[in-house]
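Just below is one structure, and these are the notes that go with it.
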Amino acid sequence: MIEYQIPVSFKDVVVGFTQEEWHRLSPAQRALYRDVMLETYSNLVSVGYEGTKPDVILRLEQEEAPWIGEAACPGCHCWEDIWRVNIQRKRRQDMLLRPGAAISKKTLPKEKSCEYNKFGKISLLSTDLFSSIQSPSNWNPCGKNLNHNLDLIGFKRNCAKKQDECYAYGKLLQRINHGRRPNGEKPRGCSHCEKAFTQNPALMYKPAVSDSLLYKRKRVPPTEKPHVCSECGKAFCYKSEFIRHQRSHTGEKPYGCTDCGKAFSHKSTLIKHQRIHTGVRPFECFFCGKAFTQKSHRTEHQRTHTGERPFVCSECGKSFGEKSYLNVHRKMHTGERPYRCRECGKSFSQKSCLNKHWRTHTGEKPYGCNECGKAFYQKPNLSRHQKIHARKNAYRNENLIIVGNT
């Protein structure tokens, strides 16, 4: 088998700044440069680099200024080099992926690409950037998409004239690590709600374009609610929430259960309903192990173990473990009776009380005794009746014991 190995020296990947350039960098830019260079050298050592440790690395490890020469990027002078480096990289990848070719056990070093910084010089950057960029034609400081490489070569002259406009933020490119970092850290956070995202932007100076996930989170601050319901006047921050709310007025239920055909207005409600058919109970009680189909049911159940009563009546101070119990209790203070019988007009504070009352009109008796078959309107009446049978059975057993002893 043929093993393809690409020799790389530190000279091929070094990045340099003159003394004047270094002083013009901000502390954050210097720290970014230091991190990139130290990681680059670490990558070279991990793939077999055996040369002596360069002076620039020694300086950076001591947090000193790395003045290593006048040229900012030896061997790189124009945008055409970006195209050349990327072509070489793709050729190497194609060679390694060709059938019959064995890949060396040593990981190939990350290549470096070139980019103009705010001072008109060229600096090197880890090619994690190229994982999302197939050609430099689609990537340039001004954010303009170019269809052909010749357009890019001509465009870089105009770009050089607009350095201040292109780099209004005056920041270096950020080193990219797509997805989660090895320690599980979420790299970017929203300043409004502190929610973190796993996708990093490629360019720090184009936050609204390159960091799409973070931008979508920031584009509507939580204080703004531009989507207003014409039916009830309720306002929402995001259009998706507004659309879901409108279904409460229109009665639309686009999510149907494939097992029983029941439809729901929200997908999350359908998922909860489907657990009835599948028998899945993913939420277990931490104390007794009892499982529930919904997380809220587990939370309510666990309060029976902890004794927590978070819902307090503002009128009398009585507390409850569930919010529904508090809502029922409040109606005692307000005198509200929203449930009205359509037969006799009698009103009730709870729907369950109305259902019980409704059976007096319909004659329905759903609770039957297993001993004698007698039926009742309400379950408490059945419980009282069953105690009669229990006492009779106990008395009969006592008589049998007495007769047996004699």
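The chain as shown is numbered from 1 upward.
Every residue gets a Cβ built from N, Cα and C, even glycine.
Sequence annotations record features per position, and here Swiss-Prot assigns domain 'KRAB' to 8-79.
Helix, strand and coil counts under DSSP for the zinc finger (227-249) come to 11 helix, 4 strand, 8 coil. If you look up Swiss-Prot, you'll see 227-249 (among others) marked as zinc finger, on the strength of sequence analysis.
The list of residues near the zinc finger (255-277) in space but at least 6 beyond its ends in sequence, with Cβ under 8 angstroms from a Cβ of it, reads 244, 247-248, 293-294. Taken from Swiss-Prot, the feature zinc finger covers 255-277 (among others), and the record attributes it to sequence analysis.
Helix, strand and coil counts from DSSP across the zinc finger (283-305) read 11 helix, 4 strand, 8 coil. The zinc finger annotation in Swiss-Prot covers 283-305 (among others) and is backed by sequence analysis.
Annotated zinc finger per Swiss-Prot: 311-333 (among others), in sequence order, evidence recorded as sequence analysis. With DSSP classes pooled into helix, strand and coil, the tally for the zinc finger (311-333) is 11 helix, 4 strand, 8 coil.
The zinc finger annotation in Swiss-Prot covers 339-361 (among others). Across the zinc finger (339-361), the model assigns an average pLDDT of 89.
According to DSSP, the zinc finger (367-389) comprises 11 helix, 4 strand, 8 coil. Annotation comment: Swiss-Prot describes 367-389 (among others) as zinc finger, evidence class sequence analysis.
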Secondary structure tally of the zinc finger (255-277) (DSSP, helix then strand then coil): 11 helix, 4 strand, 8 coil
Secondary structure content, the zinc finger (339-361) (per DSSP, counts of residues): 11 helix, 4 strand, 8 coil
